[in-house]
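A short worksheet on the structure shown next.
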Amino acid sequence: MSPPLVIKNGTVVNEDGMFKADVLVRNGIIVEVSPNITALPDTEVIDATDRLVIPGGIDPHTHMQMPYMGEVTKDDFLKGTEAAVAGGTTMIIDFCCPDHRNGESLIAGYNRWRSWADPKVCCDYGLSVAITMWRPETAEQMAIITSPEFGVNSFKFYMAYENTLMVRDDELFRGMQECAKLRALARVHCENGSVIKEKEIDLLAKGVTGPEGHTQSRPEEIEAEATNRACVLAAQANCPVYIVHVMTKGAASAISHHRAQGSIVFGEPIAAGLALDGSHYYNEDWLHAARYVMSPPLSRDPTTPELLMKLLAAGELHLTGTDNCTYDCRQKSLGKGNFTKIPNGINGVEDRMSVVWEKGVHSGIIDPMRYVSITSSTAAKIFNIYPRKGRIAVGSDADIVIFNPNATRTISKDTHHHNLDFNIFEGINCHGVAEVTISRGRIVWAHGKLQTVPGSGKFIPLLANSPFVFSTHEKREQKIQPRIVERLE
């Protein structure tokens, strides 16, 4: 057990306020937040003068140690969570993708992910489970896995990657119906896999083999169409829906439209989409271009990143993730001669907190309180762990970051903590640096050095029926009951 800890002289920032206060931590829990706390002799003291004391970041979208396309992502649960805490993130929600096509059940896939993660994680984590095909037993397994024993309250559905991860519309709709029954959140990757497949075939036939083919096979309208379709299906199922990695203006517009109609829709842009654009796919250096291959691809419109940040400021989009899914240069090079074989994925879990501060707060678009909301507290609310996570308050877990808003750092593969030989944010200078990261009362990162212990992180059960998501569900259900007309024979 870590010794008691007091953070002195800092400015506490929550989503709903900023104030000067000290923070006392004991046994991994915040036990006091008030001015002028006296440090007892056995208490470790951190001076946070001119620093912000913020809730640790929650990254709701990672793929650590994920097998796909015959490869495995380079960040396992140790390296991935080390990178996370080095950047000020104290919890990740990773996607478990059971191998349905080879007969693996949801429960077996869940157990496989737990066996990988539990011995390695150095910060807390939760799981979201992907459903990649519908089987007769799927609904029953969903019910089991949403029990407190398993602690899963969201399921992911892919509208892309035909013949591997993609579900048909009828499968997606059935899955959403089950999610609604279980009070679990449907999370959707929005593309049109069937159209993409045809466009890939056409582009290759025309001699387009490089990474530029990836973005050309996935026009921005495809993400927008799929986002609209996912929202329509969710509304028909009376199921709240969470759109992962919102990359384009059209997708964001579809979310806003459906929210205006009364649907419960959450939009998650990612760090890459808030800082970069799709010009990288046309770089003459093949490997440079391949490093940015992800799906949906980065927007071709250079004004999109700023617009997405403004939509976060306005509450039209709601939280930030990373889709951290790292493949190194050797793995990316497997797609030379055929862009469809380039493994899709990028880094982000270490740099999200600084990138969002730079592009959001330092640029003047959002304030520090909104920053806390979109990097931590909204995720905690959606996944039903607030205020245990996502808040500096008595009784909350001591997941805390001492954040220097005036410090700068230049992102580089030479200094990052990913198991990766490049960084898509290479050379970006960011204001806002996590100087100290505390995970449940344990200092895991301090002034440029990791102090992590593999396995010290904990699996956090994510319980179904989050009030933030489902508080109006029963009323909505009553309004959409089928109507029966009684007729005389």
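Cβ atoms here come from the backbone N, Cα and C positions, even for glycine.
Note that this is a predicted model, so its numbers are computed, not measured.
All protein chains considered, the CB of Asp323 (Zn(2+) 1 binding site) has 27 other CB atoms within 10 Å. If you look up Swiss-Prot, you'll see His61, His63, Lys156, Asp323 marked as Zn(2+) 1 binding site, on the strength of similarity to another entry.
Positions annotated as Zn(2+) 2 binding site by Swiss-Prot, on the basis of similarity to another entry: Lys156, His189, His245. The Cβ of His245 (Zn(2+) 2 binding site) has 21 other Cβ atoms within 10 Å, all protein chains considered. Look at His245 (Zn(2+) 2 binding site): DSSP puts it in coil.
Feature annotation from Swiss-Prot assigns substrate binding site to Tyr161, Ser295, Asn344. The DSSP secondary structure for Tyr161 (substrate binding site) is coil.
Under DSSP, Lys156 (Zn(2+) 1 binding site) is assigned to a strand (E or B) in the three-state scheme. Take the CB of Lys156 (Zn(2+) 1 binding site) and look out to 10 A: across all protein chains shown you find 23 other CB atoms. Look at Swiss-Prot and you will find Lys156 tagged as N6-carboxylysine.
Classification of Ser295 (substrate binding site) by DSSP places it in coil, neither helical nor stranded.
Put simply, His61 is the one of the binding-site residues His61, His63, Asn344 whose Cα lies nearest to the Cα of His245 (Zn(2+) 2 binding site).
Here the candidates are the binding-site residues Tyr161, His189, Ser295, Asn344, and by Cα distance the one nearest His61 (Zn(2+) 1 binding site) turns out to be His189.
Shown in sequence order, Thr73, Asp94, Phe95, Asp323, Asn324, Cys325, Gly345 are the residues of the chain, 6+ apart in sequence, with a C-beta less than 8 angstroms from the C-beta of His63 (Zn(2+) 1 binding site). When the Cα positions of Tyr161, Ser295, Asn344 are compared pair by pair, the longest gap among these substrate-binding residues is 10 Å. Of His189, Ser295, Asn344, all annotated as binding-site residues, the residue with the shortest Cα distance to Lys156 (Zn(2+) 1 binding site) is His189. Recorded residues Tyr161 (substrate binding site) and His189 (Zn(2+) 2 binding site) have their alpha carbons 10 Å apart, per Cα-Cα distance.
The Cβ of Asn344 (substrate binding site) has Val293, Met294, Ser295, Cys325 as same-chain neighbours under 8 Å, each 6 or more residues away in sequence.
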